[in-house]
Amino acid sequence: MNILAIESSCDETAAAVVRDGRTVLSNCVSSQIEMHTIYGGVVPEIASRKHVEAVTALADQAVEQAGLTCANLDAVAVTYAPGLIGAVLVGVNFAKGAAMALDLPLIPVHHVRGHIAANYLTHPDLEPPFVCLCVSGGTTAIVDVRSYTDMAVLGGTRDDAAGECFDKVARVLGIGYPGGGPMDRLAAGGDDRKYDLPQAHVSGHELDMSFSGLKTASLNLIHNAQQKGEELDLPSFAASFGRAVSQSLVPRAMAASRKLGYGKVAVAGGVAANSRIRADLQAACAQSGDKLFLPELRYCGDNGAMIGCQGYYEFLAGHTAGAELNAYATRDISLG
Ligand code: ATP
Ligand code: MG
Ligand code: FE
């Protein structure tokens with residue numbers, strides 16, 4: 001089954017063709033990062049307009065690179081939530097039009113379910129159930145992946161997402177947007193104990209997290225150093241920051257895995273590319289005996305292939321939609 005998948009929830013327009021959920025025939029991404037860099041973050045209205053400009057040519061390109069024509073497609077999958085509402089609407093309306101014109105089923109896909117599915121593309125042997133640590137620009141959640149389409153959130157952030165926290169701190173340091181990658185690279189060679197940064201606990205909810213305190217403490221530390229004219233040891237600051245984020249995430253993911261006893265842990269989303277988090281998960285799983293699944297770096301950030309993969313499993317579960325399909329800025333992952 002060949003699925004054309006469309007993703008437009010944030011600042012990347014993406015289109016891909018995926019066969020039977022696991023074989024990526026093409027994966028085209030058009031990033032808007034350069035456009036938003038001058039503003040230090042995504043400008044929603046600009047994002048929507050850029051998606052409109054890119055989506056049709058990108059879908060054509062994905063079909064062509066797959067070595068197919070539209071006649072060989074069997075369904076159209078699309079991210080319908082969560083994301084910037086104007087941006088998601090562009091993909092949803094394009095996918096609706098394509099499905100209608102080609103007389104194909106339309107499959108709505110939850111973006112974070114797509115991030116989780118990136119693991120299936122990297123690991124042909126991976127099947128649910130497993131615990132997945134979902135960490136990206138807008139999401140920080142520990143998910144019980146009971147089956148391909150039955151999921152529940154076990155815990156998550158009470159405020160900022162981990163990726164958002166990376167981005168805001170990096171912006172104040174002036175090291176680029178989005179900031180997670182630059183912070184990760186900067187941390188290499190730094191002393192991760194040099195700066196004492198707070199890690200919050202949510203009392204009574206051992207799997208929940210909070211990153212706003214870490215963000216504020218980091219921004220205060222940077223501003224205070226700037227005011228006093230003190231030179232911040234940037235690699236050590238980035239390493240200390242990465243350690244604080246990882247120590248909030250990894251022990252909780254492992255606690256969730258102990259609780260559920262599947263013996264399988266995965267990680268998903270843009271922040272899953274972080275080398276400190278990957279290393280800490282590796283060490284924790286080596287100790288606990290859990291099998292660890294890390295998505296390839298090219299499938300960590302937003303892409304169409306992950307939507308085509310999850311779309312296949314949603315289709316098998318009968319989750320298709322008609323012209324009434326709407327886009328949502330927020331949506332619980334358990335709702336599909
Ligand atoms: P969501 O998936 O929650 O809707 P999003 O789609 O905007 O949000 P992604 O594109 O999946 O988020 O991930 C982007 C985030 O990943 C950004 O916050 C970015 O800084 C972060 N990121 C990318 N690479 C790294 C890295 N190596 N270390 C830490 N963070 C990273
Ligand atoms: Mg993105
Ligand atoms: Fe994402």
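Glycine is no exception: its Cβ is also placed from the backbone N, Cα and C atoms.
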From Asn27, Asn72, Asn93, Asn274, the one annotated by TrEMBL with Cys134, Val135, Ser136, Gly137, Gly138, Asp167, Gly180, Asp184 for substrate: Asn274
Spatially closest candidate among Cys134, Ser136, Gly180, Asn274, the listed binding-site residues, to Asp302 (Fe cation binding site) (Cα to Cα): Ser136
Residues within 8 Å of the His111, His115, Asp302 Cβ centre (excluding the Fe cation site residues themselves): Glu7, Ser9, Cys10, Thr79, Val112, Gly114, Ser136, Gly269, Gly270, Gly301, Asn303, Met306, Ile307
Position of peak Cβ density within 10 Å, selected from the binding-site residues Gly138, Gly180: Gly180
Same chain, 6+ residues apart, C-beta under 8 Å of the C-beta of His115 (Fe cation binding site), given in sequence order: Cys134, Ser136, Thr139, Ala268, Gly269, Ala272, Cys300, Met306
Contacting binding-site residues for ligand 3, chosen from Cys134, Ser136, Asp302 when the Cβ sits under 6 angstroms of any of its atoms: Ser136, Asp302
Binding-site residues near ligand 1 among His111, Cys134, Gly138, Gly180 (Cβ under 6 Å): His111, Gly138, Gly180
